[in-house]
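Single-structure report; data block below.
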């Protein structure tokens, strides 16, 4: 089995390396230009029409502000004064929008990556194979939506050097590519549970990138998630399209997804120290994502091939567009929900969404789950809810003044 797994690992690495080479053809010249402008002290000596663009892309406004959580807290304090009925309506609106956007996105993602198009009695049809094109479709629509939002609604004055978005963009593209590719080898419920367990590498990446420290309950719930995922994976009944080798391939791709996604969240958290809104972050990251993916697709000649596939199969074209719409508007619902109700409420809604996504996938695509596997799923979601509860308790405790002291009153 090891020689086969080694060959398969090389086979998986090939398209990954081809994509990475395409991104490098843009990143390397960009890096050299940035170093050139910095060495030439362009901020002091630069002149002409291009100066504002180069200043924004390379230098930005280095002044930083408080973390956006402070801004969100102020916004939530304002909304707390509105009527209870209005708040309930807003909560239902956010929950419904998130569930519809991401449940539809999950069902379509599995349909596009695991089923054929154009099948007839005499023709088995063909599968769509280029995951990078789907990433490009998602990002270009998200970029358009975020750009329109920023143009229509007043945003904070942008201060971050634009090139810093490229790091989060690259890791985001690679994590999305791994996510789509993994569905060729593992079931959607397995992927959802693996994504739920990404809290473990996020914690590890937080220690490495941001030097964060964690509470004992965070380690405990991370261990519970690991146990639950292991129960599900080890007890799942083998499906007809799976084997030990294909499962191994899926595990590699899921591992890549989790690592890249963990880096993305930690890098974005560091970027938020600049004065920016979440939609500005969405726009900046997606601008670079469009640039990287379209460049790589053109270099490989895959863009025209994917467009021809869309022309041959109108059903796929509809699915790809709807997939992108759900992804773009889902991101807007994320930002609005966190702004109005905070991260704890958002996490509960998205945790429920993951449970519903597994149920929908099993019902629509016929995935079998054993009793032990079901218990594993329950353990994972129990651990996720415990994390939300413990974090909210910690925040409430931190807000309480020490015993024997009264809150300071400003006069």
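Cβ coordinates are placed from backbone N, Cα and C, and glycine is handled just like the others.
Those TrEMBL annotations? Automatic predictions, nothing curated.
Taken from TrEMBL, the feature transmembrane segment covers 12-34 (among others).
For 88-108 (among others), the entry in TrEMBL reads transmembrane segment.
Under the heading transmembrane segment, TrEMBL lists 133-152 (among others). Taking Cβ pairs closer than 8 Å, the transmembrane segment (133-152) reaches residues 112, 173, 176-177, 180, 279-280, 282-283, 286-287, 289-290, 293-294, 297, 302-303, 306, 320-321, 323-325, 327-329, 331-332 in its own chain, all 6 or more past its ends.
The transmembrane segment annotation in TrEMBL covers 216-235 (among others). The list of residues near the transmembrane segment (216-235) in space but at least 6 beyond its ends in sequence, with Cβ under 8 angstroms from a Cβ of it, reads 189-190, 193-194, 196-197, 199-200, 203, 369-370, 372-373, 375-384, 386-387, 390.
As annotated by TrEMBL, transmembrane segment applies to 241-260 (among others).
Panel annotation: around the transmembrane segment (281-304), residues 18-19, 21-23, 25-27, 130, 132-133, 135-136, 139-140, 142-143, 146-147, 149-150, 160, 162, 165-166, 168-170, 172-173, 268, 271-272, 331, 335 of the same chain, lying at least six beyond its termini, place a Cβ under 8 Å from a Cβ of the stretch. The annotation transmembrane segment is assigned in TrEMBL to 281-304 (among others).
As annotated by TrEMBL, transmembrane segment applies to 316-336 (among others). Using a Cβ-Cβ cut-off under 8 Å and counting only residues 6 or more beyond its ends in the same chain, the transmembrane segment (316-336) has close neighbours at 94, 97-98, 100-102, 104-105, 108-109, 111-112, 117, 128, 134, 137-138, 140-142, 144-146, 149, 277-279, 282, 309-310, 346.
Summarising the annotation, TrEMBL assigns transmembrane segment to 343-366 (among others).
Here TrEMBL flags 372-390 (among others) as transmembrane segment. Same-chain residues lying 6+ beyond the ends of the transmembrane segment (372-390) with a Cβ under 8 Å from its Cβ atoms: 189, 193, 196-197, 199, 215, 217-218, 221-222, 224-225, 227-236, 344, 347-348, 351, 354-355, 358.
Within the chain, the transmembrane segment (12-34) has long-range Cβ neighbours (under 8 A, six or more residues past its boundaries) at 58, 132, 163, 166, 170, 173-174, 177, 181, 249, 252-253, 256, 291-292, 295-297, 299-300.
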